[in-house]
Amino acid sequence: MAPKRKPPARAAAAKLDPDGMFRGVSAFVVPHAVQSRRLEVWKQRLAQMGGRVQEKLAAKGGGGAVTHVLAADAKALLRELDAAWLHRFRGSVVSFEWLEECLKSGERLPEHKFAINYEEEFKPKKEGGAAGSGVLQSAKRSKISSDGPENRKETAGGNRESRDAIAHPNEDSDVVKGPSTCTSSQSASGDSKETIASQNAFKAEEASSGESSTYAPPDLNRNITEIFGKLINIYRALGDDRRSFSYYKAIPVIEKLPFKIESADQVKDLPAIGKSLKDHINEIVNTGKLSKLEHFENDEKVRTVSLFGEVWGVGPATALKLYDKGHRTLDDLQKDDSLTSAQRIGLKFFDDIKQRIPRHEVSEMEKLLQEVGTDILPGVIIVCGGSYRRGKSSCGDMDIIITHPDGESHVGFLPKFVQRLKGINFLREDLIFSIHSIEGTDCGVDTYFGLCTYPGRELRHRIDLKVYPRNRHAFGLLAWTGNDVLNRRLRILADSKGYILDDTGLYLATPGSGGKRGGRSDAIINCDTEKDVFDTLGFPWLEPHERNL
């Protein structure tokens, strides 16, 4: 019997077209903010139609054989590649939308329409952006706040999940991994060489909470911003930080408009309002609702995971696990023995924590904190940051930034402060408590996260206390004031200038390989005030109430 002949390989051969529309394209594909399966399909299609996919970049810039860099957006791009390298790159830097549209149309489209303008990430805009929220990676790691951290959630031990911090779209993009390389909390900028005059100037500038400059936008389009706000929470709970952040950026832009939106054409040229959001606005204006939101609200899984994600300390991964266990309500969670003590506290006071705090009450509590702190340590500086310092009429929580001008007396202050505040029934439940100033670890920054009560009431509010050494205080104050958009722009700008910026300092970046970001040096750039940080980076100075970008 004659052996069977193998079928001709015509089908396989037909899939490869070296003269296809992507001939001459040698692409490096940034894998962030896109599903891996979708990414593989795009790579296959690109290769089938004459293109090539490069897995590595040349280390010295120029991209080697690479002609195109493809990414989801500027944020994903700058997570993978150094801004300085991109400036040297002479090829095309485009979004995946270019590839998608080429495949849809069957022809290679002009690339300039899909170019990623990563420089816009750190350029100031008159209108645009949004507040977001920052988070501690752990009780023993430094936080890079991305805004006024109003929505951060931590696990009891401080181990952060891929959680809902818009300020931290992805954990490896915003948190310095590995052991802390920070030096001791003592420095020349905070020791006895500092004059009384400079200490007084420091107090005058940094102690201002922005009380006299409130942020009161017209807010004539609540029908739109309230829907966008719900989508923020849903996408955050689902771990889709990219989409969550896009709605987050749009809200302040819409809030500031001096007119009622009656047509989507009125917003087509506004920053942070792309085609998708414009379509949403058009639907809301014409129908009074948004089908996407209704779809989410009618989906049991999305609805439940979103609900669980609102519990303090529960991130997207944990929320999904709880759903997969069969839990559907907050009452169900009460019976789950896998919850940490901090998560149980978040669950117990779920309704309390969700209530916003009126500005005048925050002001009174800030004064109380200053009085108690001064009684323990004369000269201590205590400022409430976040949306309060930016002038908002209410706050989701209180972010308290603390230091002492002499650069030394802050050491060991936080335990005494917490004990005194518990003694007067101001601080009630503990979530995270870590002390590093005594040993000089983790840049000497001490942290307390917990719940507090307004005097005479039992309603719980979230409060964070951060004590910084004098030489790191400006960075902490800047980071914990926010907002998210400003902090992201400053970090990207710092990166483009060869620095790494976080809430503990501005550091010289160490070189990486293949165009990728390296680590950071031990040395901190001296900046006594927030303005010094702005000036060092070459970014226009913004008063706290001007930072609602």
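Note that Cβ sites are derived from N, Cα and C of the backbone, with glycine treated the same way.
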**Listed co-binder of Mn(2+) (same site as ASP397, ASP399, source Swiss-Prot) among ASP331, ASP332, ASP464** = ASP464
**Prompt:** Any idea which of 23-37, 218-232, 233-247 is down as region 'DNA-binding' in Swiss-Prot?
**Reply:** 233-247
**Request:** Please find, within the list 60-101, 438-479, the residue stretch that Swiss-Prot describes as region 'DNA-binding'.
**Result:** 438-479
**Message:** Using DSSP and collapsing to three states, where does ARG390 (dCTP binding site) fall: helix, strand or coil?
**Reply:** coil
**Prompt:** To what whole number does the mean pLDDT across the region 'DNA-binding' (315-318) round?
**Reply:** 94
**Prompt:** What span in Å does the dCTP site cover, taken as the longest CA to CA distance among ARG356, SER387, TYR388, ARG389, ARG390, GLY396, ASP397, MET398, ASP399, ASN487?
**Reply:** 23
**Complete:** HIS280 (active site), DSSP three-state class -> helix
**Asked** Between ASP464 (Mn(2+) binding site) and ASP399 (dCTP binding site), how far is it from one CA atom to the other, in Å?
**Response** 5
